[in-house]
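Dumping what TrEMBL says about this protein:
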- B:109-128: transmembrane segment (TRANSMEM)
- B:135-155: transmembrane segment (TRANSMEM)
- B:157-337: domain 'ABC transmembrane type-1' (DOMAIN)
- B:161-183: transmembrane segment (TRANSMEM)
- B:195-216: transmembrane segment (TRANSMEM)
- B:222-239: transmembrane segment (TRANSMEM)
- B:285-308: transmembrane segment (TRANSMEM)
- B:314-333: transmembrane segment (TRANSMEM)
Amino acid sequence: MTNDPKVSIRGLYKIFGNDPQNALQHVYNGMGKTELLETHGHVLGLQDINVDMQPNEVTVIMGLSGSGKSTLIRHLNRLIEPTAGEVIVDGENVLDYDEAALRQLRQQKMSMVFQKFALLPHRTVLQNAGMSRIVRGEDEETANLAGQKWLDRVGLGGFEGQYPHQLSGGMQQRVGIARALASDSDIMLMDEAFSALDPLIRTDMQDLLLELQQDLHKTIVFITHDLDEALKLADHLVILKDGYVVQQGEPQDILLNPNDPYIEDFVSDINRARVLRVRSVMKPLNGADSFAGVVDANDNLEKLIELSGGDTTYAYKVQQDGQDVGILDMKDLVRALVPAHASESTVTR
Amino acid sequence: MAAYDGLFQTLGLSDWCDQNKTDGPMTMAELLAQSGKKSDDTASAEPATSFWDTPFPSLDELNQSCKSIARTRDMTSWVEELFLSVKDTLKFVLDPLTQPLSWALDGSLWLFQALPWFVMIPLLLLVVWAATRSWALIGFVAVSFLFLSFIDHYVPAIQTLSIIFVCTGFCVALGVPIGILMSRSNALQRFAIPVLDMLQTLPTFVYLIPLIFLFSVTESKLYGIAIILYAIVPVIRLTDLGIRLVDRDVIEAADAFGMSTRQKLFGVQIPLALPNIMAGVNQTIMMSLAMVVIASLVSAPGLGVLVLRGIRNLELGVGLVSGLCIVLLAIVLDRVTKASLSRINAAQQH
Ligand SMILES: Nc1ncnc2c1ncn2[C@@H]1O[C@H](COP(=O)(O)OP(=O)(O)OP(=O)(O)O)[C@@H](O)[C@H]1O
Ligand SMILES: [Mg+2]
């Protein structure tokens, strides 16, 4: 741990139903999701979630439909109240906040982007973008200035006077992102922000987000059910299933060492050569100095296969920021392309 | 010899029955026989003997065999006494509360009539322009009012219009807040919906009756209240519905950005519910117009008075022509409110 986490979720449980506290006792005693629903009629939304979200990082929460992703992200700004647990933001437990402090948090520290955009249909694009400023009580001029700045930044200059229904889905979501950015909050929550967009626009938006993140260094919590998207964006990947965390960590690490058949299924369809990076499969420097060439630690494996022409006898020197950091043996590379299984994963490690 | 004599004898209650005979007002049957147009009522005089003719054991019927049992007319007089006993307290509370309504009605009647026609008609056209921006409608409204004036129905028409303006104003001022409260609380909604149903289904004459006892017929608030009670229902209903129908995602976004309840209400919920609220206002206006005619029975001025004269004096022409004027007014009001409604809709389609 280099830093204190920006957001820290501790022992979080959420149970939907009439008597969640009572049902919680059963869950503490080891009852599972299906059994709880059958015997007590309560839905176990989240169980024992512990996640640290580092500042300036993109934490991606991934899982299939119904795994509790939306429920989890709504606990961060308390759109949903937990049944048990803590949500700590900048060292303060959000659950101790009264209404005023909570509004303060939502206005200043956290902003949110929604799957269905959720723009105000009766307000112009500019008014929507500056909304968070008006809510905070700032005057219209400041709000418009901030709105304008971020609309320009997301490539929507010239559309200020339009209404949301006059824009395409991709453009509406750009407004949604501008709205979230205009509040200058440290933390940005994005609930399947790109899922409603078609694939090309979606790639554009992912690139836009990464580009913005390079300048802004926000703490982003991003939800998706798409593994490609998750791997592209994530610094830290959390995989949810039936309301609990199956595995979390560096995305490359999860890909190479899945600890659950559920995750193996997830990663089996992925183009590993394109996603895996040299740094994840290289070996430490061992004094050898006959290399076929020099590669960057962040190159993906596809690029190396192309470089080597498919010859597995080669080895490359790996550099990062001009420093020698390791050796890549093409045989290791080929081995990494075969999906690992949960049982073997400990051996490879 | 009444039908249930035998019953009381076998029960051994004859003594108790004869103990305190009631000689109250006449029975329901006698009352109906008296007011009805001489219907064939000889049957009730002869007590039924055959099994097939056994009457239902109603209060009146039982009373014939057992004088101790109260008759239905006694019951209605209890209801009457109950109402009369709370009347003074009710009046004491309601009178000052509803006084502003009288002032508003009288004030606006005076104002609408004080302004000469050549000021009033352009003023109305200006309102139509502000609400609809449609030249066609302005032309239609102008022609309608010129026609009404030409056939000397300008004054009653403008009186009716003034009453509708005031009553609709009160309906909106009261109905929108009530609708908002209803949309916030399911308990209140469960309680309010039967009340609203009752207000809408009760024959309008029925709530004129207690109102006549409460307020003097010369006071304008009497008909004002009758109109408002009847016409307020759609505004309340549609405000409640409109706010409940606001997109939940948008509400969630408003919460996520830390809007206060107030900001959410005025910045999001009311603007997004506005098309529904305006549809309610349109219905309210049409219902006030329907009621203002009936309210002429209790001294509401306007076109209704002429219709009433047509009925009372069998002046067929007077009644029909003023009826036509009411239809014309209804079309004008409906078109203008619908046009402004569709302008709102166009501004916020999504
Ligand atoms: N208000 C609620 N009442 C009862 N159960 C709920 C409620 N909200 C969510 N759930 C349940 O909690 C579980 C998780 O739901 P959630 O919406 O968080 O899933 P998700 O991962 O976001 O799925 P999706 O990808 O479809 O959006 C589901 O089983 C759902 O049925
Ligand atoms: Mg979801």
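Numbering starts at 1 and runs along the chain as it is shown here.
Here the Cβ of each residue, glycine as well, is placed from N, Cα and C on the backbone.
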Need a quick answer: max count of Cβ pairs under 8 Å to the transmembrane segment (B:285-308), which of B:109-128, B:161-183, B:222-239, B:314-333 is it?
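Of the candidates B:109-128, B:161-183, B:222-239, B:314-333, B:222-239 scores highest.
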Should anything in the same chain at least six residues away from the transmembrane segment (B:222-239) have a Cβ under 8 Å from its Cβ atoms, list it; otherwise answer none.
98, 101-102, 104-105, 163, 166-168, 170-172, 174-176, 178-180, 182-183, 192, 196, 199-200, 204, 207-208, 211-212, 215-216, 273, 276-277, 279-281, 283-285, 287-288, 290-292, 294-296, 298-300
Cβ under 8 Å to the transmembrane segment (B:109-128), counting only same-chain residues 6 or more beyond its ends: which ones?
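Answer is 137-138, 141-142, 145-146, 149, 154-155, 158-159, 161-163, 220, 301, 336.
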